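Report on one structure; see the data block that follows.
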Amino acid sequence: MTLSKNHTLFVSDVHLSENKPELTALFLKFINEKALFAQELYILGDLFDVWLGDDLIGNFEHEIATALETLANAGVKTYFLAGNRDFFVGEKFLKLAKITALKDPCEISIFGYSLLLTHGDLLCTDDKLYQRYRSFVQNPLSRKIFLRFPIQFRKLIARKLRSRSKQYQQRQPIAKLDVTEEGVQKILAQKQANVIIHGHVHRANTINHNVNGRVITRYVLGTWHHTGSYIVLDTQSVEIKVFQ
Ligand SMILES: [Mn+2]
């Protein structure tokens, strides 16, 4: 049987973790049942719930890398753009998984669409404190320094940051943590894109924006729990789907 590979898939916010074997199983099933039959797979950040350096790659991370490698071996090109949880994913993992890294944001043209891909945290411009934190951790120098800390120290910092951020998020009105019109307008001002795809806010959604008279559709991927969220894009349509 020949299957025509005439569509591309997008996922984000899978939040894989060694402590969530059911989620791992769901994602591996997605690779076998969906991704293997696509032309390409784009992972738009937060594939992992936490990533503190490629030197911590163990059996679990190897299992995921192997699954992703089967895609490359089957001719399905996989791309990865880091999220706020896994921005320390590095060369070693990408090589193991045979994945190509993308910058955030990134513009691509496929199937007649001009797409802007981003994890989505860049668009949450009302959350000034988070944006300051983001530019600090994404700075190549801070990254270098962090990754040289001993493993236990990195784990300690990550735990502290996570609990601080949880408390912080609970105190903020939900709108402040969401994507803003300003963020969308800003990112699109210099771009030709007619479609944005992102995740991060964890609620699947489709929203139209008017940017200087152009209508731009923003597709938001949902997070993975008991079911998965993914987007299928082909020449005809862009569809947000649930995987179970
Ligand atoms: Mn995120």
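A Cβ is built for glycine as well, from the same backbone N, Cα and C atoms used for every other residue.
Please treat TrEMBL annotations as automatic predictions, because they have not gone through curation.
Taken from TrEMBL, the feature Mn(2+) 1 binding site applies to ASP13, HIS15, ASP46, HIS202. The Mn(2+) 2 binding site annotation in TrEMBL covers ASP46, ASN84, HIS119, HIS200. Under the heading substrate binding site, TrEMBL lists ASN84, ARG85, ASP127, SER165, GLN169, GLN172, HIS200. Taken from TrEMBL, the feature domain 'Calcineurin-like phosphoesterase' applies to 9-203.
Checked against ligand 1, the binding-site residues HIS15, ASP46, ASN84, ASP127, GLN169, GLN172 give ASP46, ASN84 in sequence order as having a Cβ less than 6 Å away from one of its atoms. If you take the C-beta of ASN84 (Mn(2+) 2 binding site) and look for same-chain residues 6 or more apart in sequence within under 8 angstroms, you find GLY45, ASP46, HIS119, ASP121, ARG134, HIS200. Measuring Cα to Cα from GLN172 (substrate binding site), none of the binding-site residues ASP13, HIS15, HIS202 fall within 10 Å. Take the Cα of HIS15 (Mn(2+) 1 binding site) and measure to each of the binding-site residues ARG85, ASP127, SER165, GLN169: the nearest one is ARG85. Cβ proximity to the Mn(2+) 2 site centre (mean Cβ of ASP46, ASN84, HIS119, HIS200, cutoff 8 Å) flags the following additional same-chain residues: SER12, ASP13, LEU44, GLY45, ALA82, GLY83, ARG85, GLY120, ASP121, GLY199. With every protein chain in view, the residue among the binding-site residues HIS200, HIS202 whose Cβ has the most Cβ partners within 10 Å turns out to be HIS200. Between the binding-site residues ASP13, ASP46, ASP127, the minimum number of other C-beta atoms within 10 Å of a residue's C-beta occurs at ASP127.
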